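So the structure is just underneath, and the comments pick up after that.
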Amino acid sequence: MGACMSKNDEETEQKKRSQKIDRDLEEDSKKLRKECKILLLGSGESGKSTIVKQMKIIHLKGYSDEELTNYRPTVYKNLLECAKAVVNAMHQFDIQPADPSLRPYVEFLQDYNMEGCPPGQSIDPKVGTAIQALWNDPAKEQLMERQTEFYLMDSAEYFFTEVMRIVAEDYRPNEMDVLRARTKTTGIYETRFKMGQLSIHMFDVGGQRSERKKWIHCFENVTSIIFCVALSEYDQVLLEESSQNRMMESLLLFDSVVNSRWFMRTSIILFLNKVDIFKQKLGRSPLGNYFPDYSGGNDVNKAAKYLLWRFNQVNRAHLNLYPHLTQATDTSNIRLVFAAVKETILNNALKDSGIL
């Protein structure tokens, strides 16, 4: 009889334990179902908005035909900004086209603008002819030797290569055009998507100096920060202050983020972005010219490791730092990187919820 009672007690105890485990699992699952808040930070033009566009392509079924068409004015604007930057630099450095017959194209591009045109209007095809002719002229090499002395959008070469497709009357941007298109982020842009069992709420915050004071109310309960750095900006200056090196500005911003009291328990995912442009630049613009203590030549891995070391040096709070070399315009690269990032975010979410 006693043995029977004992057996029943044991079964009851086991059932209670099993129910508690089920409740705990359900509770853990609920905690994980809460949104993970991801803050995208970095200085202007570091690639944050491109990452958001990639999330739409990878996790939210991409862009509809209408959304692609809506990017047309932005692509036109970027193309003209790039063309005007080139012709203004030609004037600034007194560089003439090697072929004198191309000089009228320089004046044409300088004077052309689309302001006041109806929203659906196509760009003048002559813009394409002018850009193509000037970009294929030998004077381009002279100009590119002085690229650190003037501002030219990273996507300029892409848009110039694609110019005849862009100026066609029936032009509709494709996803690569959208990824390359640049609009200044002002304020805070939010996007939500699922990544496996995780619900992600991502905030893209304006990178220009004037935007930074608006970040503060985003800081509460952040699961992870993705901090974007454009590796290629080591030889560039700020749009807002032409005496300030962009990489030094990124380091200062990173310092203020990583050592902030708001982020004492947050891990930082560091995207060393624009590695493709960085690789192209190192040969013609040595990193050592801007960071005299660097001695690794134009080896891209040594150069990237050196810059990562510089970022680690300012991490006085000793937050967990997860670095990734990225090319934000390459969907397959970002897909791979985010497979690793997902693990980091998941672990942080588990820690935040008390499961780990």
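Quick reminder: no glycine exception, Cβ is built from N, Cα and C everywhere.
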> Given 62-67, 116-121, 284-289, 326-331, which one carries Swiss-Prot's region 'G5 motif' label?
Replying inline: 326-331
> What range among 168-176, 177-185, 186-194, 294-302 does Swiss-Prot describe as region 'G2 motif'?
Replying inline: 177-185
>> Counting CB pairs under 8 Å, which listed stretch among 37-50, 269-276, 326-331 touches the region 'G2 motif' (177-185) the most?
In response: 37-50
>> On average, what pLDDT score does this prediction assign to the region 'G3 motif' (200-209)?
In response: 75
> Whole-number Å distance between the CA of LEU179 (GTP binding site) and the CA of SER49 (Mg(2+) binding site)?
Replying inline: 9
>> DSSP secondary structure for ALA328 (GTP binding site), reduced to helix/strand/coil, please.
In response: coil
>> Per DSSP, what is the helix/strand/coil residue tally across the region 'G4 motif' (269-276)?
In response: 2 helix, 5 strand, 1 coil
